[in-house]
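Before we start, here is the structure in question, set down as structure tokens.
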């Protein structure tokens, strides 16, 4: 099975399954000398872990990360950083009824047809359980980017089902289980989710992620454009079905006179492009939005087939998120950090001493 590594100079490789013994991560390409302990990685893991509210999966995992290599006396050595997170609350018996059947909307059928074998327990490798290790690896990138470049990455829930969150108060983002910026919307979200859970159904969500203090020049045209790699990393997240950069699909209704971002010596007048021109960062905020589908793990019956092609009816048991988007914010932040960290390393390798007579334009007026 290939495809478990992302990045060129700053890379992460993950291994492990939903009901396996542990999740493993290898981070390669981190510069030496970065102060790093498990404490630096745990906060984001705690934000992602299940069982923290009635609105998420009731699987209780502590998600305690341990650094196995790549540090000495509390600092990175420049060698590969190995991480491990133990799985402690597997309940594999919940999945015995789907051993020889395929859950519609899941990777059961495609994994089986591709590999001829699949770990049916909790989805195996295709489970979002794997993203816990991405969050741990992304924590290394987030710390380096903030320390060396003051780059800050922050995300929030902008829509859950029909409920849109439009007011922005960043002090609220970690005060509720939804990563919602509007305190007045929290009770509305809770009521909606309570009704949804009782119905046995699920719902999709939209997450917005913003990168502040971006330098100019990150991105490797043509095929490794920054926005192309961002889309790649975002689409690798379970359940993501859409990615927007800047105004995204709204550009369809815009005229060129509306969309172009005027440049002045005091700053850009707008940021419709989302901080990227020609695949290269402009120094403005990077604006990313992702759409996550509703989970297919439902207690409501649906038609499917078994391994031999016989017709069956599937009812999914187990512990599942009625809205996977609720816990997706730390995952999206981590993947964006990993992508930007890789491009920082690549830009530094090729263009470290490049000088220009053109002044750096402030991000915005």
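Heads up, the Cβ atoms here are built off N, Cα and C, so glycines get one too.
Grabbed the feature section from Swiss-Prot, which reads as follows:
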BINDING   48, 54  NADP(+) binding site
BINDING   125, 126, 127, 238, 239, 278, 293, 294, 295, 296, 297, 319  FMN binding site
Return the residue, from the listed binding-site residues 48, 125, 293, with the maximum count of other C-beta atoms within 10 angstroms of its C-beta.
48
Would you find the one among the binding-site residues 127, 295, 297 whose Cβ has the most company, meaning other Cβ atoms within 10 Å?
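Highest number of other Cβ atoms within 10 Å: 295.
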So what sits near residue 239 (FMN binding site) in its own chain, CB-to-CB under 8 Å and at least six residues off in sequence?
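Set apart from residue 239 (FMN binding site) by at least 6 residues yet with Cβ under 8 Å, we have 128, 292, 293, 295, 324, 325, 328.
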What's the CA to CA span in angstrom from residue 297 (FMN binding site) over to residue 48 (NADP(+) binding site)?
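So the alpha carbons of residue 297 (FMN binding site) and residue 48 (NADP(+) binding site) sit roughly 19 Å from each other.
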List the Cα distance (Å, whole number) between residue 125 (FMN binding site) and residue 48 (NADP(+) binding site).
18
To the nearest Å, how far is the Cα of residue 48 (NADP(+) binding site) from the Cα of residue 127 (FMN binding site)?
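Roughly 14 Å, rounded to the nearest whole number.
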